[in-house]
Amino acid sequence: MMKFTKQNFIFLVGGIIIYVVDIGVDLWVASKYFCQGQYSSAILILCFRGLSSLITQIFSYHWFKNDWEGTDPGKLEWIFLVHFFHCGIFIRYWFALKYGCQAAFKQNSSGDASETDPPNFIQKQAVDVLTDINMLRIFKTFLETTPQLFVQIYVLMEHNNDNFYQYAAIIMSFCGISFSTVDYQISLRKSLPDKDEFRVLPKLVYLFYKLLTITSWILSISLITLLSARSSVILLILLWSSGFAWTLKQHTTFCKSKEMEYLYRTVVGIILLFTFFNIKGRKTKVCISIYYATHTLVTVGILLVYVFWKPSVINETHFTIVGTLTILSLVLGIIFLVVYYRLFHPTIYCRKQTHFDEGDGETGDNVEVGRFQNFIMQ
């Protein structure tokens with residue numbers, strides 16, 4: 001297992017700051033929309049915030065319940081109360097700061113220490129608690145941040161207003177997506193043994209692949225929403241249904257209870273609206289090709305609809321800019337995707353030396369896996 005370093009601790013502190021600032025920015029933007037009479041946009045911002053908070057609290061509490069099974073019931077009641085008031089993420093950050101500080105500043109673990117040795121055990125605790133946080137942040141990113149980015153871009157295109165708070169909200173959304181996607185990939189490599197370190201160049205390639213493909217898709221959905229909100233809703237429902245059906249076919253085993261497993265699959269269906277995830281750690285060449293081919297066809301189809309149905313709009317400046325950015329970000333995103341999977345995609349080894357590639361390999365039988373190994377793998 002890789003070490004929890006001082007750099008990881010600094011990024012952890014930065015993540016807490018961004019999380020708190022993000023809450024403030026969301027409330028600020030929603031209040032501005034209310035003041036301007038854009039009630040639907042304000043309500044959407046708050047609904048995305050509330051929905052993501054509710055779902056992350058549910059998962060966080062159930063993880064505590066599973067991890068602390070057999071412990072003092074009073075402790076679990078206290079944890080439930082904290083999550084009931086939507087403060088569960090701060091408890092997890094407190095544990096991350098506690099174990100992270102010990103692992104990064106107070107421990108000098110040797111490379112050959114066993115997992116039962118105190119230094120190495122603290123390292124494992126620090127990595128595990130940070131991994132849980134990054135899983136919750138992935139949920140938050142695609143249940144709240146990414147949909148909010150769509151709303152903000154749509155409002156900017158619809159009303160053509162250049163307001164500081166709108167640009168601030170868009171920048172915060174991009175920062176949230178950037179941090180969560182890269183931190184997720186770092187946690188994946190830290191929590192699984194015998195994998196390559198996630199160096200600077202792979203991080204950048206991975207980040208650009210995710211951001212550019214997500215940006216292109218959000219711009220595409222914004223364009224079709226400008227034409228017909230009903231059409232965009234129908235399209236998103238169809239795509240979510242396809243993603244949910246695919247997760248059902250994968251027979252995921254992320255949660256212990258059937259109810260939580262269906263909630264997980266529902267959330268994954270929403271995530272698949274915006275980006276590709278391999279939820280079983282199996283071969284993905286065909287799936288990822290179909291996924292991005294579908295997004296490319298839909299994007300090109302939306303632009304063609306503008307060309308043949310609304311040709312007068314093409315001469316408008318905002319459509320020229322948005323259309324160019326949509327195509328450019330899609331092409332560049334696909335290029336970064338190919339480069340990442342060709343050159344930087346790690347080979348992962350499960351426990352008991354059972355080999356599988358993170359995107360193109362296969363898992364062996366009878367392998368004891370933890371929570372993160374059952375989570376979405378890219």
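Positions of Cβ are set from backbone N, Cα and C atoms, glycine also.
As given in TrEMBL:
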TRANSMEM  9-30  transmembrane segment
TRANSMEM  42-64  transmembrane segment
TRANSMEM  76-95  transmembrane segment
TRANSMEM  164-186  transmembrane segment
TRANSMEM  207-240  transmembrane segment
TRANSMEM  262-279  transmembrane segment
TRANSMEM  291-309  transmembrane segment
TRANSMEM  321-343  transmembrane segment
Highest-contact recorded stretch vs the transmembrane segment (321-343), from 42-64, 76-95, 207-240, 262-279, 291-309, CB pairs under 8 Å: 207-240
Tertiary contacts of the transmembrane segment (291-309) (same chain, 6+ residues out, Cβ under 8 Å): 213, 216-217, 220, 223-224, 227, 235, 272, 276, 319, 323, 326-327, 330, 334, 337
Best-contacting stretch, by C-beta pairs under 8 Å, relative to the transmembrane segment (42-64) and drawn from 9-30, 76-95, 164-186, 207-240, 262-279: 76-95
Same-chain residue ranges lying at least 6 outside the transmembrane segment (207-240) that approach it to Cβ under 8 Å: 146, 149-150, 153-154, 157-158, 174, 177-178, 181-182, 269-270, 272-275, 292, 295, 298-299, 302-303, 305-306, 309-310, 319, 322-323, 325-327, 329-330, 332-334, 336-337, 339-340
